[in-house]
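Participant: My structure is below; once you've seen it, I'll send some questions.
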Amino acid sequence: MRQKRSEIYSVELSGTKDIVRTDQGDDKEKYRGLKNNCLERKKKNQEEDFQKELQLDDHKLNNRELEKKYGTNIIMGLSSTRAAELLARDGPNSLTPPKQTPEIVKFLKQMVGGFSILLWVGAFLCWIAYGIQYSSDKSASLNNVYLGSVLVLVVILTGVFAYYQEAKSTNIMSSFNKMIPQQALVIRDSEKKTIPAEQLVVGDIVEVKGGDQIPADIRVLSSQGCRVDNSSLTGESEPQPRSSEFTHENPLETKNICFYSTTCLEASTSPIGTVTGMVINTGDRTIIGHIASLASGVGNEKTPIAIEIEHFVHIVAGVAVSIGILFFIIAVSMKYRVLDSLIFLIGIIVANVPEGLLGTVTVTLSLTAKRMAKKNCLVKNLEAVETLGSTSIICSDKTGTLTQNRMTVAHLWFDNQIFVADTSEDHSNQVFDQSSSTWASLSKIITLCNRAEFKPGQENVPIMKKAVIGDASETALLKFSEVLLGDVMEIRKRNRKVVEIPFNSTNKFQLSIHETDDPHDKRFLMVMKGAPERILEKCSTIMINGEEHPLDKSTAKTFHTAYMELGGLGERVLGFCHLYLPADEFPETYSFDIDAMNFPTSNLCFVGLLSMIDPPRSTVPDAVTKCRSAGIKVIMVTGDHPITAKAIAKSVGIISANSETVEDIAHRLNIPVEQVNQRDAKAAIVTGMELKDMSLEQLDEILANYQEIVFARTSPQQKLIIVEGCQRQDAVVAVTGDGVNDSPALKKADIGIAMGIAGSDAAKNAADMVLLDDNFASIVTGVEEGRLIFDNLKKTIAYTLTKNIAELCPFLIYIIAGLPLPIGTITILFIDLGTDIIPSIALAYEKAESDIMNRKPRHKKKDRLVNKPLAVYSYLHIGLMQALGAFLVYFTVYAQEGFLPHTLINLRVEWENDNVNDLEDHYGQEWTRYQREYLEWTGYTAFFVGILVQQIADLIIRKTRRNSIFQQGLFRNKVIWVGIASQIIIGLILSYGLGSVTALNFTMLRAQYWFVAVPHAILIWVYDEVRKLFIRLYPGSWWDKNMYY
Amino acid sequence: MGAHPQPHLKQQLERRQPVWISLYYVAFYVVMTGLFALCLYVLMQTVDPYTPDYQDQLQSPGVTLRPDVYGEKGLEIVYNVSDNRTWADLTHILHTFLAGYSPAAQEDSINCTSDQYFFQERFLAPNHTKFSCKFTADMLQNCSGLADPDFGFEEGKPCFIIKINRIVKFLPSNGSAPRVDCAFLDQPQELGQPLQVAYYPPNGTFSLHYFPYYGKKAQPHYSNPLVAAKLLNIPRNAQVAIVCKVMAEHVTFDNPHDPYEGKVEFKLKIEK
């Protein structure tokens, strides 16, 4: 049961991604188009469904009609038999877990992705070659069978590795999926029963207590002080009251419907908030269920890095196949046997395919993922590591991401003055003037007229982190006064509460009467807070500098100005007033009666205003600035009110201090909005209502024309529309969110970022990345790491591609000039999967060359991972130099053993002839076949060492792309040296340790041959330094354009 | 794009870029080719013209057989005594091979009689070379092809010529001449008697004065010494495997990987 529940919100972890990934590697463009169309259509249907479902009308029906519609009885509930029938008809009240791709399919996909196809082809060619050989000669050597098996082994090993890596990163998330099975209190057969929430059916009458989750979509029948937290659904951070009245056409707005999986809040009032309601939708048919299916219907786009790797695979595979076929044709036309030509083809493919590279990329990405996890960015999908780096637009949720998700006192108004309160996370720096005696009175009201209390047993917890019983505003006031005045509970004890009237929506005020803490003052103090205009109505005087002044027109006007100003900041404003009850009329023994109201509630003394807001996190403005300088547009998308949204946007810098919206300009110039030149406005605030009436083109126009955009009052599917709009601009879009309502957009985004603390499970499941500290600033870290990894992957790929030429040339020369084969296929595999692995991973540890946060995000279609300069420079410059260096080692070995270079030309046929056992060398010495073969292996080893030595130089030059190595520092990246050491050690082991194993074709090489290629290695270094120097000296020149990768 | 103030200049620059880069590539490849040629030149200069720097693979000489006719696996000689077409090719191979050992071909070599190594420190021969010892076909007596142009193939007692590979400055033994020893590889049970061989030169030895070899440049007229083995008791209509080993202290014939090192194995089937 627990197991099953835990999957409730698994809204497709990587299912859809996998489907899209199927056709990676094989270029079935047509197919892909088809598939996308299907997905698109499917998604549209779902959106329509969603819209339709929202037109539910249960909130408009009265109780009688409801009973009739659902065949139930409000007092007696459903009968057990009827419930069982309905359960059988509708299925359990739970979300259908998404279809998971079977593990075996995931595994097999790894076996055919990327270069694997090429290697499979190579392996099959090997076996076919053996088959042909065997059919003509029963004693054919098994070499080709071995080679084929080795290739298959390579494919399987890299596939297993990639599968393992992916599985590991997916498992991180399983910890999030722990949910406790829910119980529901239901009336059936006129009895109250507790049943698992899964067994609820429509028509059930349920009772929900404060603190419980709503077990299904319910129509409220009766409610006592119930408030629900809809923030995960609508993004409103304030708790919403619920009652049985029909208040709004929109089912999402009306008060008489509670939604599945939202929470009924624990209220401080007694009796605790309870709600009785009728189940109107269960399981997948609930609003949440629809959003969840909306999310799973949204196809996860291929990550940018996946596109780049695919592009790179295509380039390399293209080169391999075309060179292979070209030389196959050349070989055949040079009268080589077809069989031999086939074997050349295999050699060329193996030489061209960087077998180890995809594994290296995976490791590199997971290293970065680990590094990011340390900085509180948990990456679920490895490829998403880079996506943040190429992000050009961040669509951020407001509540919880940009803000602290708690009400906090932001401003105060007393003595005709507005004071700013510190809203940072710890409130430590309250600087406003606290000397006025008005403040003393105000603070007393704040402290006393408050029912919130700290939960016991939190003595050592910092004030701002203490848990509080009470609603958001009261909590804010409690913490505010605790910080400023010290122990609030002690103050309350000293001013014993005599009587109180709690806040209710009809009164719109809260009142309490206290004894004073001055033993000589026998008067009672009445304190009151509430909606400012209501409070002002009850007042006849106003306190200024501790003295009561009559409330005249002008003071009323200053009050209104202040009220409007604070309200305009998107803040919730409360008014405070008090009255000392005269001791003669209200002696110590007076018995107050709240029902009879035997005390005055007018002609009070107005003390001040206090406004609260869910303030931005202190790190956010800085992070937004950083995003700006990194060329990333930050768009706020929230379900909250436009005014609040704008205020927060301004305070975090999403709307910068000097930019105006069209409305601002109109207000400033005092002209109608229509007359304002749209181009003058830099910022735009778009509400969900406006968005609804917009065409896609209009939306595109807004997204393209405004630098600073805030979307307020948006619905889940509008979020999706916004994300799609951004993606139409060719932007890489990151979406942050925490609510269930965010999950479709999270899924649709190029990278979805969920909040780890506040985030709902649905959001976390739909996201590619989870911010463990809910901090927007962590995104900046992610961007930085993502950009760095992109740069470093370029370096890794350039490093890896270089040696391909050095591995390929031997085959070409062998075919054309008939030299004894300089390097064997197995030896190539030892380079690709042996000596080169650790160095190419080491490049992932390279530090950034310049401030990567000061440049624009890369253009998805222009700034490719593997571009022309990279391929050309690696293949035709460094690769060629490396090939020449390796050939020099090869020629040296042969020459010193007796075969001078010119004697080698066209020697191939005789050299490889088993029946020639007295082949003459330059000195007239005669060689048997085995003696020649041994020399050939020595040649392999020499060529291998030649490549190895020059790859060390290649590794060092790849540390930077523009700067000199000396600017970057040779020793800053220690891992590079580990890589170099590993290269040398593996080389030594292969040559001297395994030199006697004939199957590996390595021999013990004389020590001096290790140094033959060193001058070439130095040449490579010098050449690259010169290249970088000219790039730095002449930016924008033809050199820069052709040589900078 | 069109609003660029100097579109003309920009276009010109852009048009010139491919030229620059092509020129650069030409220059780059010329320089690289030159560098590589230079490297090879330096390599050639450092290589000793007379003696190879290393002989890692040539620790022990290979041994080859004439006539050299190969079957599926190694040397395999099959012929029918009564059908001279089946062995005409074989004797032809021997004749061709021995043509290099005619007195005319050996004219430039000297006659050596010593049974000791023929060490030559200095280049005393004409054209700054060293002397080579004569080996003429007639030294192979009955197998020289002179007296018996059929090399005994016709009578079923064929001659095989065994040649030892040249290795510069290789000394096969410490004083006694290397000797060829042929035997059945797996003694056939039904024969019951060992292989009877007549060796030419007598005892089947390579005289020591043919060693050491000083390389093609120092000894341009050098010819490998030969030993002929006339197999006298080959059974008819049965394939026999024969191995001829070179017996000398510094010649090894037990390398499991190299079947031609210090020995030569062949299969022989004489049909009737």
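Positions of Cβ are set from backbone N, Cα and C atoms, glycine also.
No curator has checked TrEMBL annotations; they are predicted automatically.
According to TrEMBL, the protein carries these features:
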DOMAIN    A:57-131  domain 'Cation-transporting P-type ATPase N-terminal'
TRANSMEM  A:112-133  transmembrane segment
TRANSMEM  A:145-164  transmembrane segment
TRANSMEM  A:312-336  transmembrane segment
TRANSMEM  A:342-365  transmembrane segment
TRANSMEM  A:797-817  transmembrane segment
TRANSMEM  A:823-845  transmembrane segment
TRANSMEM  A:870-893  transmembrane segment
TRANSMEM  A:937-956  transmembrane segment
TRANSMEM  A:976-995  transmembrane segment
TRANSMEM  A:1007-1023  transmembrane segment
Participant: In the predicted model, what is the mean pLDDT computed over the domain 'Cation-transporting P-type ATPase N-terminal' (A:57-131)?
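Facilitator: Here the predicted model's pLDDT, averaged over the domain 'Cation-transporting P-type ATPase N-terminal' (A:57-131), is 83.
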Participant: Could you check whether the transmembrane segment (A:1007-1023) and the transmembrane segment (A:937-956) come into contact, where contact means at least 3 Cβ pairs under 8 Å with the two residues of each pair 6 or more apart in sequence?
Facilitator: yes
Participant: Can you tell me which parts of the same chain pack against the transmembrane segment (A:937-956), counting only residues 6+ beyond its ends and a CB-CB cutoff under 8 A?
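Facilitator: For the transmembrane segment (A:937-956), the sequence-distant neighbours (Cβ-Cβ under 8 Å, at least 6 residues beyond its ends) are 799, 802-803, 806-807, 810, 820-824, 827, 830-831, 835-836, 839, 842-843, 878, 881-882, 885-890, 892-894, 897, 965, 970, 976, 979-980, 983-984, 987, 990-991, 995, 998, 1001-1003, 1005, 1009-1014, 1016-1018, 1020-1021.
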Participant: Under the DSSP assignment, what numbers of helix, strand and coil residues are found in the domain 'Cation-transporting P-type ATPase N-terminal' (A:57-131)?
Facilitator: 48 helix, 1 strand, 26 coil
Participant: Per the definition of 3+ C-beta pairs under 8 A with sequence separation of 6 or more, do the transmembrane segment (A:823-845) and the transmembrane segment (A:112-133) touch?
Facilitator: no
Participant: May I ask you to check whether the transmembrane segment (A:145-164) and the transmembrane segment (A:112-133) make contact, with contact taken as at least three Cβ pairs under 8 Å and only pairs 6 or more apart in sequence counted?
Facilitator: yes
